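So the structure is just underneath, and the comments pick up after that.
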Amino acid sequence: MAEPLLVVGLGNPGDNYARTRHNVGFMVADLLAARMGSKFKAHKRSGAEIVSGRLAGRSVVVAKPRCYMNESGRQVGPLAKFYSVPPGDIIVIHDDLDLDFGRIRLKIGGGEGGHNGLRSVANALGSKDFQRVRIGIGRPPGRKDPAAFVLENFTSTERADVPTICEQAADATELLIELGLEPAQNRVHAW
């Protein structure tokens, strides 16, 4: 039996972070779990919450680390080891300041762009060569600190678009699973 793909939505645990820009990865992971018809449960060895099943015809484990964003690797590393998933078969869904609000991009490897959650995952895996679903949250206005900006709730105008953006990011994740990186990029980057 082929090893599953590991899909990780990044975010911070707790109700006070649930609607923040930094938590779009969790929002998309929740949508994927709903599409799989499953609910998250605790994974004892890693501490993350997981859902196992099938997406786009593949065996998939969707995970939400239950530690803070900057420590995500502490739970992603043990999950990857437990399921014997190499970095190239891991998809991390995360917010991205360098993309305009609502833009979705797919890539593999590369830098972290100041995203400490990505840095933590890369350090835990010993590799940056995992796939990424990048969800644009835009840059903070004026001289606002990016670290504070990502922990704020979406504006009321943005909030109206977040459900559609998360659905598109979930669709992009399924295309990545089904088609592989380059064909999925060709489709998603044309949106």
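Residue positions begin at 1 at the first shown residue.
Placement of Cβ uses the backbone N, Cα and C atoms for every residue, glycine included.
Copied over from Swiss-Prot, here are the features:
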| type | residues | note |
| --- | --- | --- |
| ACT_SITE | H22 | active site, proton acceptor |
| BINDING | Y17, Y68, N70, N116 | tRNA binding site |
| SITE | N12 | site 'Discriminates between blocked and unblocked aminoacyl-tRNA' |
| SITE | D95 | site 'Stabilizes the basic form of H active site to accept a proton' |
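Features recorded in Swiss-Prot, as mapped to the structure shown.
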residue	record	Cβ contacts under 8 Å, 6 or more apart
N12	site 'Discriminates between blocked and unblocked aminoacyl-tRNA'	T20, H22, N23, F26, Y68, M69, L151
Y17	tRNA binding site	G11, N23, L151
N70	tRNA binding site	N116, G117, R119, S120
D95	site 'Stabilizes the basic form of H active site to accept a proton'	L10, R21, H22, N23, V24, G25, H115, I135, I137, V150
Need the DSSP three-state call for N12 (site 'Discriminates between blocked and unblocked aminoacyl-tRNA') to compare against my parser.
coil
With the cut-off set at 10 Å between Cβ atoms, which of these recorded positions ends up with the most neighbours? Options: H22, Y68, N116.
H22
Taking the centroid of the Cβ atoms of Y17, Y68, N70, N116 (tRNA site), which other same-chain residues have Cβ within 8 Å of it?
N12, H22, C67, M69, E71, S72, G117
When DSSP states are folded down to helix, strand and coil, where does D95 (site 'Stabilizes the basic form of H active site to accept a proton') land?
strand
Compare all C-alpha positions of Y17, Y68, N70, N116, the record's tRNA binders, and send over the largest distance in angstrom.
16
